[in-house]
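Novice: Got a structure for you, written out below as structure tokens; questions coming shortly.
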Amino acid sequence: MGQNKLTGGGEYWRWVGQGVPDILSFGDELSPQNVQVRWREPAKTAQQSNIPVTVERQLYRLIPGEEEMNFTLQPVTSNEIDSDALYLDEITLTSEQDAVLRYCQVEVPLPPGADVERTTWGISVNKPNAAKQQGQLLEKARNEMGELAYMVPVKELTGTVTFRHLLRFSQKGQFVLPPAHYVRSYAPAQQSVAAGSEWTGMQVK
């Protein structure tokens, strides 16, 4: 078991071995206490009923531009994250059916110490190939925070919709994250997993 500290106080343990253990042992030095056990089955083995929605997640690092509060988005192509930098998390949903999908949500995993910024401060951003164009203002954050994840309610979905949130990563270390997924609020077995559907590594420095 790997022991980790929470930024707001407290601690948690994460199983880092192979397979699923029959017994979890924390050692004799740990005093009796109440604990909460959470289990997340890997997406590739979970029994799911897929829904016709494509989920794409792209992380960008914000690079300051010449004008105040204007940034260029630099796609993150490696697993290395700078704890001093500001990032933009972009989630794109594309429905592959004509009928409206109702009452769903996007669940986006985060490593320990990561948090969604509550305000956008009037920041505007440009994609790398549009650096000379007028920046696009970021919309207000729509997320709800969970434990090691944030959620975005999606009351209705037709066509394509994109959600963007500013992220900071304050806790250094190596982490492994499951993919983001789109799930029906009242039928959680029905969901769609982000492209690749593999757990990905992240190193915060």
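The count begins at 1 with the first shown residue.
From the backbone N, Cα and C atoms, a Cβ is placed for every residue, glycine too.
Just so you know, TrEMBL annotations never went through curation; they're auto-generated.
So TrEMBL has the following annotated:
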| type | residues | note |
| --- | --- | --- |
| DOMAIN | 80-188 | domain 'Bacterial alpha-2-macroglobulin MG10' |
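Each of these features: where is it, how hidden is it, and who are its neighbours?
Specialist: Taken together, the residues in the domain 'Bacterial alpha-2-macroglobulin MG10' (80-188) have a mean pLDDT of 91 on the 0 to 100 scale.
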Novice: For the domain 'Bacterial alpha-2-macroglobulin MG10' (80-188), how many residues does DSSP put in helix, in strand and in coil?
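Specialist: Result for the domain 'Bacterial alpha-2-macroglobulin MG10' (80-188), in helix, strand, coil order: 3 helix, 61 strand, 45 coil.
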